[in-house]
Structures are given as C-alpha cells and as structure tokens.
Amino acid sequence: MSTNATNAPSTLSEWLVYWRIDLQLLVALACCAALGLFVLYSASGQSSTVVINQSIRLGIGLLGMLLVAQIPPEWFRVAAPWVFGFGVFLLVLVVVLGDTAMGARRWLDLGVVRFQPSELMKLAAPLAVAAYFRDRSLPPNLRDIGVGALLIAVPVLLVADQPDLGTALLIAAAGSFALYFAGLRWRIILLLIIAAAAAAPALWFNMHEYQQERVLTFLNPARDPTGAGYHISQSKIAIGSGGLFGKGWLNGSQAHLNFLPESDTDFVFAVFAEETGLFGVMALLGLYCFIVGRGLYIAMKSQDTFQRLTAGSLSLTFFIYVFVNIGMVAGLLPVVGVPLPLISYGGTSMVILLISFGILMSIHTHRKLLAT
Amino acid sequence: MAADNAIKNHAAERRMFLLRTAVAGAGIAVLVGVLLFRVSYLQVLRHGYYETRSQDNRMRVQVMPPVRGLIYDRNGVILADNLPAYRLEIVPEQVDDLDATLDRLAKLIEIRKADRDRFRERVAKTPRFRGVPIRLNLSQREVARFEVNRGDFAGVEIRAGLTRHYPLGRVAAHLVGYVGGITVQDLGRVDEKRYRGSNHIGKSGVEYSYESRLHGDPGSRVVETNASGRALRELEMNRPTAGESLYLTIDARLQKAAFDALGDQDGAVVAIDPNTGGLLALVSKPSYDPDLFVDGISHVNYKQLITDPHKPLFNRALQGQYPPGSTVKPVMALAGLETDQIEAEKQVWCPGFITLPGSNHRYRDWKRSGHGWVDMLEAIFRSSDVYFYKLGLKLGIDNIHRYGELFGLGARTGVDLPRENSGIMPSRAWKNGTRNQPWYPGETLNTIIGQGFMTTTPLQLAQMTSLIAQRGAGYKPHVLRAWKNPVNGGVSQTEPTALRPIALNDPQHWDVVIKGMEEVIGNPRGTAYHYVGQNLDYTIAGKSGSAQVTKLAQNQAAPDIEDVEHQFRDHALFIAFAPIENPEIAVAVLVEHGGGGSSVAGPVARKVIDAFRSQPPVLQASTGSGR
C-alpha cells in the first residue's frame, strides 16, 4: 500500500510513520476515551455492562480509525462525491421506507444492522464540499458558492425533515466550515448570519411541536418544571454543587439519586462536573482544545486544498460537538440531542467521530511522503 | 497538481487559509471562554446555592392541579360542584418495606385488594420520589385515626384535594355528565402536560364536551423536603389557573319538573328556548347516579348499569333514534302546501285504509273506521293517516326528504353535547346507498307518517318544533350560555348561532300548520284535547305521534293497549310549543313503549310547559347579549 514498505520500522517513530499513526492525536483521544469510561462507570450507577459495551465500541472505533489512516487521502477525494451521492440516496430511502422510532424516521433497516444515514453525512458533506473546491480558484466565485451551498443544503434539509434538527445543524456546520476555509468572503458570511436571523421565525413555524417545546423550555425552564425543564434544573444543580474540586469520583449524589435524567448519555457532562469540579472541567476542556488544535495544525501543514478544507472542517465540527453539548447541559443552549464526544454512551456517532480522526491521521502521515 | 487551473494561486490560498485558521482559533478561544465562564458561574459563584439544593435537602417539584370549573344552570343553581376530599399518599422512596407498611395501614384504614392492585400499578409507573395515592375520599374518622398514628408512618401522607359532586344527581346525569379517572385513551385527546397531577377528566355530557375549559391549567411548586419527605419550605411557586365556570341554558327547576313528569317510564324530554336555541331541559330516563363514577365506579355497580335491560347509561334524548310517527305530519302538510300539491281547504276522503294500484296490501289508518271527509286542518288535529298517504303519493319521496331535511331531520343538530346521533331521513339515495335497492312507493306512505325507515332523536324533534314555532327562524341547539374567566372574573356570553331560515313561498302556510297544531289540543275532536287541552291559561300548539314497534298483520286493527306486552307497545311521542303568539318554549317528549302519543306523552309535555310558565326563569333569555 505504501511506498516505504521495504523499509521495515525499527524505532518507535518509524513504526508510527509506517502505521500512519499521529501519536499526539492518538494519545489525546485515548486519554479522553479512558476518562470517558471512568465517568460512564459512575454515571451509569456503576454498571460494568455499560463500561464493557462502551469499551467494545471504542475498540471498534479505534480500529476503524487506524484502518482509515492507512488509506491515502487522495482516495477520499476521489470517493467523496460517490459517498456523498450514496448518502443522499440513503437519506431519500429513509424518507420513503425508513423505520419510524419515537415519531422520527431516521433509521434504515439493513436486515442485520439498523443504520442512520444522517451520521454518514456528517463526514460525507464536508468531504464533498472540500473535494469540489479542490480545483477551483479561491476565494470562490458566486457560482461555486452556490454549488457548495447546494451540497450542504440537500442533506441538511433531508435530515431536518426526518426530523432530526440536532444532526441537521451539525451537518450544516461541518459543510459550512469547509466553505469558510475555502475563503467565503466575510461580507457574505455576515450576510448569511443576518439572513439566518431573519429566517428564524420561518424555521420556528416549520418545527415539530416537540422541537418548539424544547426551545420554549430553554427560554423559560419554569414553564415545564416536570419535563424538559427538569433536566436543565437538575443538571445545573449537579454542575453547581460540584464546586471547585468536585465531590469525588462515584460521589455525585445528583446522578445516583436519579435526580438527573439521561446521566450517562447526553447529560454525562453534568456528572463529570459534579464529581471533578471546575478543575476537572478545565482539564477536560483543555484536552478537547488540544485535540482541536492538533486537527487545525494538521490542516495548516497539509498542502492540498482538499486535505486542508477536510482537516479544518472536521476539527471545527468536533469542537462544535463539545460546545453544543456542554452549552446545553450548562443551560446556555436549548436541549438538542448532541452527545459529549468520546464520553457519552452511544455507538454510531462515536465510530464516525473516530473515523474522522482516521482521515486526519491519513492526511498528516501521507503528507510527508507526498512532499518528498 | 492543479496546473490546468491557471488562476489558482497557491501561495495566496495558503495565506488566506492561515488567516482563516487563526480566526477560527480565536473563535474557539472565545467559545471556550464562554463555557468556562458559565461553568465557573455555576460552580464558584452559585456553588453555595446549588450545594444546598443538592446535599441532604432534596428539591422536589410538585404539580398543583387546577381547580375544576363549576357548572351552573341559568339561574346560578350548581349542577357540578367541588367538594373537599382527603386522600392517602405514599412516597415509595421513603418507605423501606411497602407491603409491611400497607399491612399496618390496613389496620387503621380500610384498604381493599383493588386499592392495593391499583397502587402497585401506579407505583411501577411513577418516579420513586413522587407520592402515589393508595386511598381516595377518606372519611373524617379515617383522617383522624391516621393523624394520631402518623409518627409510625414515614413517607405516608394525607393530602387534601377536591372531588366532584353532582347535586342534582340522576335528574341531570345525561346532561351534565360526569368525570372519572384519566385513562390512556383520555390522554390521547388532551394535552398530557395539563393533566399531570389531575385525577379527573370529563367522560360524558357537558363535563366531556367542555373539558378543556373546565379543567384549567396546573401550577407547580418547588419545595425543599427533609429525609422523611416532609416539605420544609417552598422555594418557588407558580399558581395553577382554575378552570372556567360554565353557566348553562338549562333551568334546574324545569329539568327536575321534566324528570318527575316522566314518572317511572323510560323516555326522554327535551325543552328548548325557540328564541335562542338554548336547551331548557334535557332528560333521559332511566337515569343513573353520576357521583358513582367520580372516584372509580365499583365493579358491581358498573355491571349492574351495563346489564340493566332499560339501559340507564344510554342518553335517549340525543342518542335514541325513534320513528317520529305522526309528529312529522305538520312538516309534511307544509311540504304539500308549498309544492302546490294540495290546498288547505281541499276535502279528502278517508275510509280507514288505502291500497296502491297493482297490490291488495292495505295501508291502514290508525283509526280503523276512518275519519270520513277531512281537510288539512282536520287531518292534522285528528291525525288522519289516509289523508297523508294520499298527499304522500302526490309529493313523492324526494319532496318529503327535502322538507324533512329543511327541518333538520336526518342530520345531527350539532348540539354541544357528545355522542349525538343523526337519525335517518330516508331518500332514494339513502336507500340505494345503504341497501342497494330502489325506492318503493309503499315506503313513501310509511315515511310521510314518520314510520318505516325514518328515525329521529328527541332533540331533533324539539328543534323541529322550535322551527315551526318561530315560523322557520331558529338557532342551533346548545347548552352553554356563558362562562366565567377564572382570572378576572369576567363573564362572557355565547352568541346563539342562527340556523338558515326556512323561507316559504307563502308565509301564510305557517298559519295553516300552526292552526292545525293548536286544534290538536284546543279542538274537542283533537287527539290531545282530553289529555292536554284542559284548564289552559295560555295558548299552546302540539302534535302527537305513536311509533310502531312491531308491524301489524294485514287486516289487524290496532289492538287494545292493555293487551300488548310492554316491549311491543308503540313509542309515545308528543311535541308542543307555547305560547303560540310569542313562543317561549318548545318541547319534545318520548315515552318508550308508552302507547298513545296524546294520552301518555301529551300530559308529560303539558306538565313541563306548566312548570315553565309557573316559574319563569330568574334570568330571562333576553339578558343574553346581541340578540
């Protein structure tokens, strides 16, 4: 597969290069995932089943990441339009014959596994935009911006229709970051932000009732003190009672007394904050920032437009996960179903996330070879 | 690598990208700052506050159910009331051994097996820190006995609440309806959030149709409780909003009078104010005690109600569909006049039966010997069947159907009460649609005297009577007269909905028909003269009807009433309105298997109108705004 196959690795750094591993990224991700397992053990009420399941998923995800890292980035560029097209096809299929779970059509039953095509789009959309702009003159002209916007809008609308507003917004963010790095002019960005603010009322009236509910509850938690507002009040109590140093691992009473709902999935940050306090939160944010920073560094070092846009947008998307989840748990943002990356209990989204880091590693480790 | 693209400037692109990355980095720094600021605010500045919430004190959100709106009659008499009630609740989280606690409780307070089973079911579905009721409606004695021993029962509490009571009981059961426990199906038709903490929901009658107004909106209370679950102090409070109180068009005294007038007979009475369409009374008999349903009817009582052959739960006034018999003759006479098929003065020979060409089937008059020569007036007040048979042959089913429909027959009135039936106003299309058969002429004869396929509800007959009384002008029947806003106490009136007026080619035709109805009661030869027309001090018009339950054999005359078993006797019907010059009340009476319309249903209608006239409503109908 690689040109240096004849040079058998002898030292650690050679071995890492041979296996296309970016050590800094790998260590940071592994630290984060290991931390996640501890938090989950506490948040799930000390359930070893949860920890074992999560470990298996992590294993699969890491393996997938390393496999993806072996693939030359050029392949992603070639594959991007096809994967994108296939993803759109699957999304349309979901609209036509998807399984309905909890009132939303998101799943495609493939007989063996049930699969959420919208997750695939989180990768495919930014890759497709990046692939499109590779050969264009940048900053892009209006026509190219239009094509890029279309590439983002199609999957976003299909996913929003399912309805899955959280995922749709993440796909939109991922695609928009690629556009941003492609050099979308500032005044256009400003214009878009103004337009989005103006379009908010229209969006509101097209939302499903439960989505409107969430926004209203966010604006006024007292409105529904026994339902969604209850989540927010309880998670604020958990975070606030943690103080500077936290109550200590396995000592967070909010989660263990079942006051905090969904404590091992979307609200896991509250448990973490309750048990490790402000210092723990700063450490976790630091770890996340390191991962994002490393991603941006990889983007800066890459020389091909496609790789640059891909690495940049994937890194920023990862940060958006972190920001939206913590913002929501801390009561800054409405409750949307976004997990805390690498820590929340859950499968598909974590595997996709790790695969995106596989792409980053591929970009970084193949770069040196391309440069020589 | 992109050499084909001459305008691609790699160096510039790279510079641009670095700048963009720097800006993104700055953005990230700002957002991380926001998160850190927020978390620091919660964990440092507000730490003390949240710590007290979280440590040994437990914050609990209690839903405060709203007070259900009351239901009054038009004069302010309470039809549905709220009474204080005590219930016993257990917070499972605070009880070590539920079974043992229940056993000990059972020594103080009666706890049946059904109570336990219901309790177990609800415990499984409720968060463990929420109270679950084990007994409702504790007596004062039980409350006292528990209070003395409450120290032994951590996690068990007495809660005060309200329960529904219907002062009129069975007299207005079908009208006011009742509330009952909330089922999964009930939650399907309401906003579930408004019912957290509520125990009751409207199941029938006004309680059902105005559920969303009566219920109100719940409030909530955030309280701090100690380890044994006792509320220590209130942190936050959103008061519940009580439901709206409703004022009905019903007059409770008239309702009672109508209920009593029916006596022990099964049947229905509907009284309506022709000037507004407001129902003055709506009675169905036999009735039931609505209070039985409020806190869950016992199995024995329920079984008794649903197996009773007289079907007490069945609302005959809206759901019962009976052949209207001769009560529709005034409408049919009007159809004859309006379509120029007959003049009022025309004499028709009534020999007691007619036959149709090509058949020897005899269509009989109720009076075997016939009525001799009769004109329209006489045909109405003596209720000649043969006169109308002959008219029917001229009119044809299409005209009959058209005029029946004009008077609201065969269609729901749209009254604001649940589960109304539409009856049947037969037509060619109807028969073709339901039986896939053509219309036969003999069926026209049955239809014009309100027999055969034709059925109506007592409410429809009352509406028809009201339309005749007002000479074609009328309002949609309704029971809601006004409602009171619970917040500012303001009272709003409902506007009566005008029906499409029935415009006649010649308005004098009303006079003929109404005159005929007046003679039914006022003329010594009228069918109801002896039963209704005695000692009158007001003008009244009416019409009797008898609806055949079984078909008579070919040459059989109607047998003597006493010889017929009860369930094969005709249904007795009577419609009336008074006074003729300025109608204030229109009544329809149905007595199931009562026999003669004039002799059995007529006196009931008279009693109802007498009661109305002797006790005019405190609030006259005209106090309603905008009419």
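Any Cβ shown, glycine's included, is placed from N, Cα and C.
According to TrEMBL, the protein carries these features:
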type     : residues  : note
TRANSMEM : A:23-43   : transmembrane segment
TRANSMEM : A:55-73   : transmembrane segment
TRANSMEM : A:79-98   : transmembrane segment
TRANSMEM : A:142-159 : transmembrane segment
TRANSMEM : A:165-182 : transmembrane segment
TRANSMEM : A:189-207 : transmembrane segment
TRANSMEM : A:277-297 : transmembrane segment
TRANSMEM : A:309-336 : transmembrane segment
TRANSMEM : A:342-363 : transmembrane segment
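Within its own chain, the transmembrane segment (A:23-43) has Cβ neighbours under 8 Å at 16, 50-51, 54-55, 58, 62, 65, 249-250, 252, 255, 263-264, 268, 271-272, 275, 284, 287-288, 290-291, 294-295, 298, 341-345, 354, 357, 360-361, 364, counting only residues six or more beyond its boundaries. Spatially, the transmembrane segment (A:165-182) is adjacent to the transmembrane segment (A:309-336); three or more Cβ-Cβ distances between them are under 8 Å for residues at least 6 apart in sequence. Sequence-distant contacts of the transmembrane segment (A:309-336) (same chain, at least 6 residues past either end, Cβ-Cβ under 8 Å): 73, 76, 122-123, 126-127, 129-130, 133-134, 165-166, 169-170, 173-175, 177-178, 180-182, 214-215, 217-218, 221, 228, 231-232, 235-236, 239, 266-267, 269-270, 285, 288, 291-292, 295-296, 298-299, 302, 344, 353, 356-357, 359-360, 363-364.
Sequence-distant contacts of the transmembrane segment (A:277-297) (same chain, six or more residues past either end, CB-CB distance under 8 Å): 22, 24-25, 28-29, 31-32, 35, 242-247, 311-312, 314-316, 318-319, 322, 341, 357, 360. Between the transmembrane segment (A:142-159) and the transmembrane segment (A:79-98) there are 3 or more Cβ pairs closer than 8 Å, counting only residues 6 or more apart in sequence, so the two stretches are in contact. Of the ranges A:79-98, A:189-207, A:342-363, the one with the most Cβ pairs under 8 Å to the transmembrane segment (A:55-73) is A:342-363.
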